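One structure is given below, encoded as structure tokens.
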């Protein structure tokens, strides 16, 4: 059943999660993840002085807390509504995921600042240094944020009037669109993980030019510019790794764009207005995203550009999921219509 208030609140929550992901990116981009050494408080208080990195890190915590409240309200609203059981389930999943995300965010802080937590973590995972654990927690934290976003985007779709009134197109067209958008979603999720790996390994400028890589189509992995006397020196193998994941992120972006644009062209050719409009929006966002990716390099990781790049990427992921689900629903409706016609003939 359609409820205007519930749908609008779901959309608000989804938009706020995109904002939260952008704020989280600002913490990484400014190197503020360790600006506040304690958790859940900040320097032993709820409201520390908002200066330097504390502004970004504590601001991120405040936004995350607000997001958790919104998702809690959304879950309760769904559970008390007459929405289908699967919609309520997505609300519960979003709630559990945001709680896990908060705990991981706290662990990300404490595994660096608290010696006891640090020692326990290194013993459990049998590693000699805490950095791999920190990175794994940070990337998992970022991944959970995308899962929360996907849940809120789905809830926004399922509670909408458009979902209730969605029309079917031809079965053959729907199958192709559904499969292609599902593939695009899987590819986009991999791209999100690659992006998180690039950010959390500080590999954003591992390749300093764009669209080429060190002036070539493929980076010269055996002849990378390497200064053994540079400050904060890394090994040549580490440099190769950073260049490899940066280059993979670039190449995979065009894989996502290629499959998604093909799916969107098919969707634009259908008779379903919702499909056409969302597909056009998807193409616009992917073009914007590639341009933002270029400007991230050209501006040498400017914070605003990087934040927008992360936020738009999250939006693309959510929209791709919506288009995939709509594709599968169009198949279901088309099959039902065909069966009805056959039964009446």
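Keep in mind that glycine also has a Cβ here, set from the backbone N, Cα and C atoms.
Between the listed ranges 38-58, 59-79, 206-226, TrEMBL ties the annotation transmembrane segment to 59-79.
Contact between the transmembrane segment (59-79) and the transmembrane segment (281-301) is absent: fewer than three CB pairs lie under 8 Å, with pairs separated by 6 or more positions in sequence. A contact between the transmembrane segment (133-159) and the transmembrane segment (307-328) is present, since 3 or more of their C-beta pairs, 6 or more residues apart, lie under 8 Å. A contact links the transmembrane segment (180-198) to the transmembrane segment (251-269), because at least 3 Cβ pairs that are 6 or more residues apart lie under 8 A.
When each of the listed stretches 91-113, 281-301, 307-328 is scored by C-beta pairs under 8 angstroms to the transmembrane segment (251-269), 281-301 comes out highest.
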